[in-house]
Amino acid sequence: MIVGVPKEIKNHEYRVGLTTAAVKEFISHGHSVLIETGAGSAIGFTDELYESAGATIMSSAEAVFTKAEMIVKVKEPQPNECNMLREGQILYTYLHLAPDPVQTQLLVDSKASCIAYETVTDRFGGLPLLAPMSEVAGRMSVQAGAHYLEKSHGGSGTLLGGVPGVASGKVLIIGGGVVGTNAAKMAVGLGADVTVLDRSLPRLRELDDIFSSQIRTVYSTEDAIDYYSSRADLIIGAVLVPGATAPKLLNAQHIKKMKPGSVLVDVAIDQGGCFETSKATTHQDPVYIIDDVVHYCVANMPGGVARTSTIALNNATLPFGLALANKGLKQAMLDDQHLLNGLNVHKGLVTYKAVVDALGSQLNLTYCPALQAIAM
Ligand SMILES: NC(=O)C1=CN([C@@H]2O[C@H](COP(=O)(O)OP(=O)(O)OC[C@H]3O[C@@H](n4cnc5c(N)ncnc54)[C@H](O)[C@@H]3O)[C@@H](O)[C@H]2O)C=CC1
Ligand SMILES: CC(=O)C(=O)O
Ligand SMILES: [Mg+2]
């Protein structure tokens, strides 16, 4: 198969779909790899290194999209990238369609087969292609929060770890999955006072096993959100209903009641955000202030540590990418229900139910279960 990797074009996005090591794997399985010039140069994967791994360097994204049978990316395709996709072509990347009607319509119109990293599953009930970036974003969320709590960055001037004689800052993490767990690790490491809310009791039990008395686990109710949000210095939004728009768990009234200079980090912003006042921001302009509360809502946080993130992402995406290239879309999906769960759009049909639930009333979408769609 001809596999193509364009340069990412989202604001300050320096990750790249394939590392040089991953290119070597595709080449050794008999595939060709086309890399847009400069796709990885910002993080040390130069054109020369890609060439020595066996790839061919292409002068433009257009050339990659025209020739490749499978496009491997990181972030959701931007409109001009969607317009270059075609029927029969595989798109393998993050999509986050439920909060994004424009992209959804463009992918439907392209008739390409679009696999969302974030809805591929594993046999443990996890999301293996989201997990590495959630690990990164969870860890970064506390770094970002600590930074914006500093007075000169708009915050209240609170040190999360406190010092002897002064209490630690209070961190509230809503959603105790991969992002939440990694945020808790960093916050505990800094010496903060950490509370994690989740509505899954099994998840709270696992957190209790990991952290014991280092954190407070609380079942997520409206009462709990009211109580803990009004006391927090830093709140991290880390909930997920896979493939769906994030539930809004903190409303504008909660935010008004927060302490001046406290900070919100809405990691769930890529699924629309879990705070009512959240709107997506970029690494270039990451924060804004509403009611004296600093909002950090960067939708591609791992892009900030692009080298670590690219390698971590490739560790997870490579086996599925190779299966697609070795077997072709249909056979790879028939052989692996977990990869099939990643298919969101195929031949103009939406194959992921939560996307139709979120956007069906706005767009004229046709839902078709993935297994049925690939059989057509
Ligand atoms: N902004 C960014 O750059 C990035 C964003 N993300 C996003 O972070 C979010 C979280 O991802 P993961 O931690 O991997 O998901 P996860 O599935 O591991 O964890 C989500 C947790 O939220 C809990 N939850 C769901 N609804 C809830 C509710 N109403 N109240 C309380 N808890 C609730 C679930 O029980 C689960 O434990 C996702 O939207 C993901 O796409 C991930 C990586 C990077
Ligand atoms: C998961 C995601 O949105 C990211 O890594 O940018
Ligand atoms: Mg206030």
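The backbone N, Cα and C atoms fix where each Cβ goes, glycine too.
Here is what TrEMBL says about this protein:
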type	residues	note
ACT_SITE	HIS96	active site, proton donor/acceptor
ACT_SITE	ASP270	active site, proton donor/acceptor
BINDING	ARG15, LYS75	substrate binding site
BINDING	SER134, ASP198, ARG203, SER220, VAL239, LEU240, VAL267, ALA268, ILE269, ASP270, VAL298, ALA299, ASN300, MET301	NAD(+) binding site
DOMAIN	4-137	domain 'Alanine dehydrogenase/pyridine nucleotide transhydrogenase N-terminal'
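Structure with TrEMBL features highlighted.
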residue: ARG15; record: substrate binding site; DSSP (3 states): coil
residue: LYS75; record: substrate binding site; DSSP (3 states): coil
residue: HIS96; record: active site, proton donor/acceptor; DSSP (3 states): coil
residue: SER134; record: NAD(+) binding site; DSSP (3 states): helix
residue: ARG203; record: NAD(+) binding site; DSSP (3 states): helix
residue: VAL239; record: NAD(+) binding site; DSSP (3 states): coil
residue: ILE269; record: NAD(+) binding site; DSSP (3 states): helix
residue: VAL298; record: NAD(+) binding site; DSSP (3 states): strand
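In this structure the residues listed as binding NAD(+) are SER134, ASP198, ARG203, SER220, VAL239, LEU240, VAL267, ALA268, ILE269, ASP270, VAL298, ALA299, ASN300, MET301; their two most distant Cα atoms lie 26 Å apart. Looking only at the domain 'Alanine dehydrogenase/pyridine nucleotide transhydrogenase N-terminal' (4-137), the predicted model's pLDDT averages out at 98. The two recorded residues, ILE269 (NAD(+) binding site) and HIS96 (active site, proton donor/acceptor), show a Cα separation of 10 Å. For ASP270 (active site, proton donor/acceptor), the same-chain residues lying six or more positions away in sequence with a CB closer than 8 A to its CB are TYR94, HIS96, PRO99, ALA280, ALA299, ASN300. Over all protein chains present, the Cβ of ARG203 (NAD(+) binding site) has 17 other Cβ atoms lying within 10 Å. A Cβ distance below 6 Å to any atom of ligand 1 is met, among the recorded positions ARG15, SER134, ARG203, ILE269, ASP270, ASN300, by SER134, ARG203, ILE269, ASP270, ASN300. Cβ contacts within 10 Å of LYS75 (substrate binding site), excluding its own Cβ and spanning all protein chains shown: 22. Filtering ARG15, ARG203, VAL239, ASP270, ASN300 by Cβ distance to ligand 2 (under 6 A) retains the following recorded positions: ASP270, ASN300.
Counting only same-chain residues at least 6 apart in sequence, those with a Cβ under 8 Å from the Cβ of VAL267 (NAD(+) binding site) are SER134, ALA137, GLY138, SER141, VAL179, ALA183, ILE236, GLY237, ALA238, MET301. Cβ neighbour count within 10 Å across all protein chains ranks ARG15 highest among the recorded positions ARG15, HIS96.
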